[in-house]
Amino acid sequence: MGRLFFCQAASRAGIALGINWEGTILAKVMLTGTMRCKPHEVDSVVALLPRHHRLSEAEPGCLSFELWQDELDPCCFHVSEVFRSEADFAAHQDRTHSSDWGRVTQHMTRDFNKRVL
């Protein structure tokens, strides 16, 4: 994508916006929340977690990626991720849906909050 330029007005307002070479405004996307699996699925989810985490962190637009199992409730997984732009977040979603992680976790209950920063 090239260099990012930051919008001073947005920066003064506390909004993390960048502008790429084509003049497209980029706003960071943050997703937080939880995912729940059934007790008999915990081992499968845990087995795939390290690879999913590694692949997600390696994506070009990933600024932060955290995914961890709750210490008190092994069926609950916490998610906190930040992507450089909506396009980067969408690319992450596309990759995830077609991955082993996506296939194993597609039916899990999700309680997510997506925000543009």
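Keep in mind that glycine also has a Cβ here, set from the backbone N, Cα and C atoms.
The feature domain 'ABM' is assigned by TrEMBL to 29-117.
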Fill in the blank from the handout: Secondary structure of the domain 'ABM' (29-117) by DSSP, residue by residue, totals 38 helix, 32 strand, 19 coil
Problem - Local confidence of the prediction over the domain 'ABM' (29-117), expressed as mean pLDDT - result: 97
